[in-house]
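S.K.: I grabbed these lines from TrEMBL:
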type    : residues                       : note
BINDING : 10, 11, 12, 124, 165, 195, 297 : UDP-N-acetyl-alpha-D-glucosamine binding site
DOMAIN  : 3-143                          : domain 'Glycosyltransferase family 28 N-terminal'
DOMAIN  : 188-355                        : domain 'Glycosyl transferase family 28 C-terminal'
């Protein structure tokens, strides 16, 4: 079995692909897997770190506003298409899977036009342009949220959930606070703004830190690599230093250790982090990014809030004081946290990788 997987840009598109790849190898240790991404995305680092081969193509996302950059982007899309075609001809995959991000557009399209079975996975409640277009060419569309079904051809849609890495699923119920030098018995918050960081969310968390110190509440603060130096500088300017029980890091590869060390998470609302949150049953305060296509993070977040698993905060509608008050009120309300945790676990679809593997196997059987 030879499988080509394409997806990239942010961790939200890469980690589901890695989860699928690992499930394939678990079921079929002799399978050959190749990733295709861009040099500019996080896949350049994340995929090799997981032990998989990756090749790169030249491609750029298209902006809805037409400008001189639009023509340059279109040129790169065509270049990427021919580069993808060459990689496909050399690797000769039995099936091609796209997990989102503009890089998977030329890759999946090239494979489809060559008659190779293709599957795309849509992580978000509101799909992006790339997957909407690709859905008319591929064999199957795997979706995370039932709400996104209406955007795709009905005969192609399969509700699978979003693949979560096994190293996270294997740690359900663990308490790993001591790995961070924290007291396992104390309330702990995890704050993370996504794989690239989020300035406004980080600022909210910075304003929260003095109140956490005052109430002896622990914090694991993942700033994002681009934000790390600025966050430390801002804390110094605010004379917040020598704080016990506060761990600040730029990025975490072993996200399972972070997720299993908190009683509450403050996060953006990308589909991958939401799937990881529900798999572990973590109560959440979600602050959707306003800078994403079709406002899809807000729809992702509202899905959890409507099921009693999260509180959704729109960053434009609050200030530091209101944010801190909501966080403190929640982290100190054990009864509500337990209820949210229960509701979160009920939403989890922990067998998403298995369902996507079944789709792959069924299509390969058809070709035998």
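Placement of Cβ uses the backbone N, Cα and C atoms for every residue, glycine included.
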S.K.: For the domain 'Glycosyltransferase family 28 N-terminal' (3-143), what does DSSP give as the number of helix, strand and coil residues?
M.R.: 64 helix, 27 strand, 50 coil
S.K.: For the domain 'Glycosyl transferase family 28 C-terminal' (188-355), what's the model's average pLDDT?
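M.R.: Per the prediction, mean pLDDT sits at 93 for the domain 'Glycosyl transferase family 28 C-terminal' (188-355).
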S.K.: By the count of other Cβ atoms within 10 Å, pick out the sparsest of the binding-site residues 11, 12.
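M.R.: Each of the binding-site residues 11, 12 was scored by Cβ atoms within 10 Å; lowest is 11.
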S.K.: What does DSSP assign residue 297 (UDP-N-acetyl-alpha-D-glucosamine binding site), in three states?
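M.R.: Residue 297 (UDP-N-acetyl-alpha-D-glucosamine binding site) sits in a helix per DSSP.
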S.K.: Can you count the other CB atoms that lie within 10 A of the CB of residue 297 (UDP-N-acetyl-alpha-D-glucosamine binding site)?
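M.R.: Other Cβ atoms within 10 Å of residue 297 (UDP-N-acetyl-alpha-D-glucosamine binding site): 28.
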S.K.: Over all shown protein chains, what is the count of other CB atoms within 10 A of the CB belonging to residue 165 (UDP-N-acetyl-alpha-D-glucosamine binding site)?
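M.R.: The answer is 21.
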S.K.: In the structure shown, which of the binding-site residues 10, 124 has the fewest other Cβ atoms within 10 Å?
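M.R.: Across 10, 124, these binding-site residues, the one with fewest Cβ atoms within 10 Å is 10.
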